[in-house]
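These come from TrEMBL:
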DOMAIN    157-192  domain 'Adenylate kinase active site lid'
Amino acid sequence: MSNSVNLEDVPSESITTEILRRMRCSSKPDKRLILIGPPGSGKGTQSPVIKDEYCLCHLATGDMLRAAVAAKTPLGIKAKEAMDKGELVSDDLVVGIIDEALKKPSCQKGYILDGFPRTVVQAEKFDEMFQNRGTKVDKVLNFAIDDAILEERITGRWIHPASGRSYHTKFAPPKVPGIDDVTGEPLIQRKDDTAAVLKSRLESFHRQTEPVIDYYAKKNMVVNLPAEEPPQTVTSEVKKALS
């Protein structure tokens, strides 16, 4: 059972904010969305915007797996056994964990699924789950972008580890190359942000996940977004697609 919160201990402004949020959300149409796109295509930038605009819950499969393992749910325990053996968590387990998460009150108006399905087999299992629930996915947002643009975007990223401030050699350079503007400390590049790592992640995206876009395109569910455009443009295209 979830830990019950004593509302007497919650500051009244928090309760008021939440009540106002729920009133605003009650008039919103339900949305069930899947976000698909290669690393660096902007899914992480758009998710919070879409989530707040349409009162959805954000289900990132990696985070959900970690949460299920930490909470020691029956599925989380099974997932941990697989991870401890260095095996991949099975598709059925991941679908089960998503199915469980969808019962949360925050997912009442719908959800954004991020990082799943990665393969056509997962997409098929997912459809089965929805048939059992009597619901279906509304739209699949495809963050379409050229590999070359991604490489420039990702390999140019530099981070100030202590604050999380991020820079980009081309789009948002620090005043002094390699140095944080505020503290003067050196910037680092994340291990994932190198050309070699990106190349292998893109290869697996094209091999495994692109067929998922075709799978949903045949069902007329895919909206292609111009992911190379500035974030504001992508946001307005998302709103257009979902209106």
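The backbone N, Cα and C atoms fix where each Cβ goes, and this holds for glycine too.
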Average pLDDT across the domain 'Adenylate kinase active site lid' (157-192), rounded to a whole number: 90
Secondary structure tally of the domain 'Adenylate kinase active site lid' (157-192) (DSSP, helix then strand then coil): 2 helix, 10 strand, 24 coil
